[in-house]
Every structure is written in structure tokens, then in C-alpha cells.
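Taken from TrEMBL, the feature region 'Disordered' covers 1-24. According to TrEMBL, the feature domain 'MADS-box' maps to 20-80. If you look up TrEMBL, you'll see 99-167 marked as coiled coil. Taken from TrEMBL, the feature domain 'K-box' applies to 106-200.
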Amino acid sequence: MEFSSQITREEGSPSSQRKLGRGKIEIKRIENTTNRQVTFCKRRNGLLKKAYELSVLCDAEVALIVFSSRGRLYEYANHSVKGTIDRYKKASSDNSGASSAAEANAQYYQQEAAKLRNQIRTVTENNRLLSRHLMGEGLSSLNMKDLKSLENKLERGISRIRSKKNELLFAEIEFMQKREVELHNNNQFLRAKIAENERAQQVELHSR
């Protein structure tokens, strides 16, 4: 991948050392072997320094491994390269296990959700067909056993409807009877009050 970067000069190039200001160059492989080696040494030292500073400033565990184009190894670690690599492997394994478990759980819930959706569709369709059958529609597809089952359902439904109707009717009758008693008692109370008032008026007239 090629991209542009602002730098002061092309490292390792003698002619570029005489340039002033900032030049915009393309980051790509340095073809000149000598320039490439000089740039590698400078950048390597800077990278090792940055790794050291990061470990000190941030109390981070840092391990850096670099192989030159000639296969020479350069490394830095504030603890040990092997220990940090082992820690990395363990962390990668733990993350992989957690990711696998999460994927398995997600797949399980997706399957369960699909089952529930299918069950809902089935129940909805069955209820729709039953409603039609109870209305006497779509009976041509039913055999004798289905018709008998539908008849039993209708009879049970009618029985429950009648039972509920009678329950409401009896409750209404009971309410009306209680209401009648209350009205009768209120009427008797009013009659008694009227009679009491009349007697009081007569006593008052005789006392004059």
C-alpha cells in the first residue's frame, strides 16, 4: 500500500541532507542498498528508544522483535521477550475461547428465536383455520374424525358460553334482589320519618 507522509528529508540519502524545509515524499522501499541500510539503523534505534520510553512512562510490558533484511535479530524487552510472548499466547487463547463461547451462545439464541417464530406462525395459522371452521367455513378439507373433533369443540364451547351466561344472569338477579331490598328498606325509613314528622307537628298544634 502506498501513501504520502510529511518528513524533513529522505533518510540515508546524502543529497537530501542539503535540502531545506519540508519535502513531501512517497513512503516505499528504498532501492539503494546503502541508503536502505542507513535508514534501517536510524529507524531501528528510534523504534527501540520509543519502546523503552513506553515501558518506563506507562509501566507497560513491552517486547519488540525486529529482523533486518539480512536476517539479523534485534530485540528489546523490559521483562523478557519469551515471557511476554508466552503472556501474549495465553491472552490470545483466552480471547479466542471467549469469542468462541460468545459465537456459540449467539448461534444458540438465533436458533431458539427461529424456533419460536415458527411456533408462533404455526399457532397463528391453526387459530385462523379453527376460527374459520367454527364459523362453518372451509369444512370441505376435513374428514370424519376432524369434523367430530370440531363438533366436540363446538359443544364444549357452547356449554362454556351457556355456563357463563347463566352465571352472569344469576349475578344480575342477585344484584337486583339486593337492590330491591335496599329500596324497600329506604322506603320504610322514609315512611317512618314522615310519620314521625307528622306526629311532631300534631303535638306542636295541641300544645298551643
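If you go along the chain as it appears here, the first residue is 1 and each next one adds 1.
Cβ coordinates are placed from backbone N, Cα and C, and glycine is handled just like the others.
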Counted with DSSP (H/G/I as helix, E/B as strand, rest coil), the domain 'MADS-box' (20-80) has 26 helix, 15 strand, 20 coil
Counted with DSSP (H/G/I as helix, E/B as strand, rest coil), the domain 'K-box' (106-200) has 89 helix, 0 strand, 6 coil
